[in-house]
Amino acid sequence: MSPKTETKASVGFKAGVKDYRLTYYTPEYQTKDTDILAAFRVTPQPGVPPEEAGAAVAAESSTGTWTTVWTDGLTSLDRYKGRCYDIEPVPGEESQFIAYVAYPLDLFEEGSVTNLFTSIVGNVFGFKALRALRLEDLRIPPAYSKTFQGPPHGIQVERDKLNKYGRPLLGCTIKPKLGLSAKNYGRAVYECLRGGLDFTKDDENVNSQPFMRWRDRFCFCAEALYKAQAETGEIKGHYLNATAGTCEEMMKRAVFARELGVPIVMHDYLTGGFTANTSLAHYCRDNGLLLHIHRAMHAVIDRQRNHGMHFRVLAKALRMSGGDHIHAGTVVGKLEGEREVTLGFVDLLRDDFIEKDRSRGIYFTQDWVSMPGVLPVASGGIHVWHMPALTEIFGDDSVLQFGGGTLGHPWGNAPGAVANRVALEACVQARNEGRDLAREGNQVIREATKWSPELAAACEVWKEIKFEFDTIDRL
C-alpha cells in the first residue's frame with residue numbers, strides 16, 4: 001500500500017487475540033451522567049481472572065469481538081466502547097463477582113428497549129469464558145429515559161379516569177383460565193364486577209382459541225362491565241388481552257376494544273415482545289386506553305440467582321416500553337417473591353426518584369424525571385386472610401388480584417367479590433385509624449366477618465391455605 005492511500009487502520013495494527021482487560025477494564029474511569037450503567041453478576045470459568053471476565057462482558061456487549069480487527073482503526077473505540085470500571089466479590093460466593101459496566105449513550109437507539117436489550121443482554125450471555133452471567137440492575141440516565149413515552153397514562157391519570165382514590169384497586173382473573181365459552185366467561189365477569197371488584201382479567205394465555213374467539217369474548221365482557229356499572233354506580237374494567245400472533249392482529253384487537261368503549265386492554269409483554277408492547281402503549285395513550293401488562297415467561301429469565309436477568313431490570317424496561325399495570329409478585333402468595341427485593345422493584349415502578357439501596361437489591365440511584373409510574377399488581381395464590389399483609393406491603397397504589405380467591409368462594413362468584421371488597425375496606429379503615437395491620441391484621445378480618453357473612457364463609461374456606469416455601473432469589 002502506498003503512503004498516500006495508507007489508512008488509520010494500518011497504523012499500529014497487530015493481528016491476533018489479545019486480553020479484553022487491556023482495552024475494556026478501566027478502573028480509573030469516572031462514569032458520566034449520560035452513561036447507561038449495568039451491574040452484572042459474573043461467574044467466570046476456572047482460571048479466568050475476574051478482571052478479564054468483567055472486561056469480556058463490557059467488550060462483547062458493546063464494540064468488542066474475539067480478535068483484533070482492521071476496522072477498529074476506522075472509529076473511536078474510546079468513545080464507543082463499554083467499560084468495566086469496578087469489580088467487587090459477592091459475599092458468601094467464592095467464585096462470583098459483581099462487574100460494573102458503563103456504556104456510552106450513543107451505542108443505543110432512542111426509544112428502543114429492543115435495541116437496548118439486544119446489546120446488553122445479547123450474545124454475551126453465551127460467552128464460553130463465563131460459567132454464568134446475570135444482569136442485576138441498570139441505571140437509565142434521564143438523557144435516555146426521556147426518549148421514551150413510558151406508561152400510556154400512569155397512576156394519577158388512571159385514578160382520575162376511574163374516580164377511585166385512597167385504596168388499592170381490586171381485581172380477579174377469570175377461572176378456569178381456558179375452556180369457557182364467551183357467554184359463560186362474560187357471566188363470570190359480570191358477577192365479579194357486580195360484587196364489588198374494580199377489574200376482572202383475561203388470563204395471560206387467553207388469546208383467540210377455538211373454544212372462545214377474541215371478538216366474542218370482547219363483546220360479552222363489554223356487555224358485562226356495562227351492566228355491572230349501571231347496577232353499582234362505579235366505573236368497571238376488564239383486561240381484554242390483545243396479545244396476538246402478529247402486531248397487526250394485536251392492533252386490530254386493541255382498535256375493536258376502543259370501539260366498544262372499554263377502559264383497558266392487556267398485553268403479555270415478554271412473549272409478545274418489546275417492539276409490539278411499545279407500539280401498543282403508544283396506541284393506548286393516543287386513544288385513551290389503559291394498558292395492563294402480564295409478565296408471562298419472566299421466571300424463565302429471572303428466577304435463577306446466577307444466570308439471566310433480575311426482574312427489576314424487566315420492570316424498568318416495562319416502564320420505558322409502556323404499561324399502566326404490571327404483575328410484580330405477592331410476597332405472601334404462591335409465586336416467587338422475597339419482601340425487600342419485591343418492594344425494591346415496586347418502588348422502581350411507582351416512584352420518580354429511587355435511591356441506591358443494596359439491602360433491597362437496588363444497585364444504582366434511578367431518576368425517572370417526569371415519566372409516569374406503573375401500578376404493581378399482586379396476584380397468585382392470595383385470599384382474604386392475605387388482605388392485611390397485602391394492604392400493608394403494597395399500599396394504596398397497587399392492584400390486588402384474587403382469582404381463585406374470588407371464584408373459589410363456596411357461595412359463588414359475586415359473594416367471593418363481596419368478601420374481598422369487605423376485607424379490603426376493613427383493612428383500609430383500620431390502617432387509617434392507626435392500627436398496625438402487620439400485628440392486628442387477622443383480628444381486623446375477624447371483626448369484619450361479624451357484619452359480612454360472605455367474608456365469614458371465605459375465611460372458613462381458606463383458613464388453612466398456605467404456601468410456605470423458601471424463596472430462591474434472595475439478596
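Cβ coordinates come from backbone N, Cα and C, glycine included.
Under the DSSP three-state reduction, K175 (active site, proton acceptor) is assigned to coil, being neither helix nor strand. What Swiss-Prot records for K175 (among others) is active site, proton acceptor, and it gives sequence analysis as the kind of evidence.
All protein chains included, H294 (active site, proton acceptor) registers 28 other Cβ atoms within 10 Å of its own Cβ. DSSP gives H294 (active site, proton acceptor) a strand state. Sequence annotations record features per position, and here Swiss-Prot assigns active site, proton acceptor to H294 (among others) based on sequence analysis.
The substrate binding site feature in Swiss-Prot is assigned to N123, T173, K177, R295, H327, S379. DSSP assigns S379 (substrate binding site) to a strand in the three-state reduction.
Feature annotation from Swiss-Prot assigns Mg(2+) binding site to K201, D203, E204; the stated evidence is sequence analysis. According to DSSP, D203 (Mg(2+) binding site) is assigned to coil rather than to any helix or strand.
Taken from Swiss-Prot, the feature N-acetylproline covers P3.
Residues or ranges marked as N6,N6,N6-trimethyllysine by Swiss-Prot: K14.
According to Swiss-Prot, the N6-carboxylysine annotation covers K201.
Taken from Swiss-Prot, the feature site 'Transition state stabilizer' applies to K334, supported by sequence analysis.
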**H327 (substrate binding site) in three-state DSSP notation** = strand
**Request:** Report the member of D203, E204 (the binding-site residues) whose C-beta atom has the most other C-beta atoms within 10 angstroms.
**Result:** E204
**Prompt:** Within 8 Å of the Cβ centroid of the Mg(2+) site residues K201, D203, E204, which other residues of the same chain have their Cβ?
**Reply:** T173, I174, K177, D202, N205, V206, Y239, N241, M266, H294
**Item:** Rounded inter-Cα distance in Å - K177 (substrate binding site), D203 (Mg(2+) binding site)
**Value:** 6
**Request:** Look at the recorded positions K175, K177, K201, R295, H327 and tell me which residue has the greatest number of other C-beta atoms within 10 angstroms of its C-beta.
**Result:** K201
**Message:** Using a Cβ cut-off under 8 Å and a sequence separation of 6 or more, which residues in the same chain sit near T173 (substrate binding site)?
**Reply:** T200, K201, D202, D203, S379, Q401, G403
**Asked** Among the recorded positions N123, K175, E204, H327, which ones place their C-alpha within 10 angstroms of the C-alpha of H294 (active site, proton acceptor)?
**Response** E204, H327
